[in-house]
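Here's what TrEMBL has on this protein:
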ACT_SITE  A:Asp11  active site
ACT_SITE  A:Glu72  active site
ACT_SITE  A:Asp145  active site
BINDING   A:Asp11, A:Asp145  Mg(2+) 1 binding site
BINDING   A:Glu72  Mg(2+) 2 binding site
Number of protein chains: 2
Amino acid sequence: MTRPMRVLGIDPGLTRMGMGVVEGSVGRPLTLVDVNVLRTSSQLPVAERLVSIEIGIDAWLDEHRPDAVAVERVFARSDSSTIMGTAQASAIALVCAARRGLPVALHTPSEVKAAVSGNGRADKAQVGAMVTRILRLDAPPKPADAADALALAITHIWRGGAQSRLDAAVAAARSRA
Amino acid sequence: MTRPMRVLGIDPGLTRMGMGVVEGSVGRPLTLVDVNVLRTSSQLPVAERLVSIEIGIDAWLDEHRPDAVAVERVFARSDSSTIMGTAQASAIALVCAARRGLPVALHTPSEVKAAVSGNGRADKAQVGAMVTRILRLDAPPKPADAADALALAITHIWRGGAQSRLDAAVAAARSRA
């Protein structure tokens, strides 16, 4: 069994930034530690919105002391008007974690959907339902950004766990060689 | 005549970040204070590259103490593979300036080209030539990211100056009313 870890999942966005902290290890029930959505007003200049986001993430890193941070990987898509803001918000999440020396992982939306629901094309309702079940909640976290942040943290623990087991197996095989 | 100001112009990029400091005021010769290109290796994780950029910008803000920061406005374009990195790098520039309370302005590439060359569609060579002439340099700054950063700072002083004169005229008109 892998050592329990605490992960902060971040679903980046300039208007709504989902943040969810989950604790646990592979093969054991996971626990919701905290979940929140950070909002910034579109009336404010982008630079000020980014400073608000930085303050919010730093406060959560101080409060929850995660072992790792998992951020949704953002792709350039011409069909999205919010993609630049999402990329900018993700940069703040990455830099807040990395300057503390925390491990940072990027997971794509399909990796997250596949990890929590077994289907890389699951819709928001399915992801919300699986997060509810995995964390034994009474109702799906709202808004969707909150559920997505928790799904990122769950994905990271499960993928990290698999990687840890692989590392352990390799180390064991080497020690026998 | 407007009060002289010192402006840090930033041409954001994950691989090459142009930074140029220019001092002066509208209607007077402008002075080059310093120019540099911050580079980060594509071999490193994005989070670490963003931390390097943050350290580099903070060091320049400490050293040069600009009155304002001018950053190139980034647009989503489906034809660019580097656009996400550019957006992320720009977020770090914005947050470094804004959390110190420095005024931050965004200028589009065509605003910059129009300001320094009179032509919003000027090419890189024309912008480099005009920056060389305006700052009375011996040769165009290289690479283009350095010239673009200086062009942003020049644009900001000239546009800021026009705005200041407008503000002064409005204030004067009000005081006579």
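Glycine is no exception: its Cβ is also placed from the backbone N, Cα and C atoms.
No curator has checked TrEMBL annotations; they are predicted automatically.
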| note | Quick note, A:Asp145 (active site) and A:Asp11 (active site): C-alpha atoms separated, nearest Å, by 6
| Once near-sequence residues are set aside, which residues in the chain of A:Asp11 (active site), 6 or more away, have Cβ atoms under 8 Å from its Cβ? | A:Met17, A:Gly18, A:Met19, A:Glu72, A:Asp145, A:Asp148, A:Ala149, A:Leu152
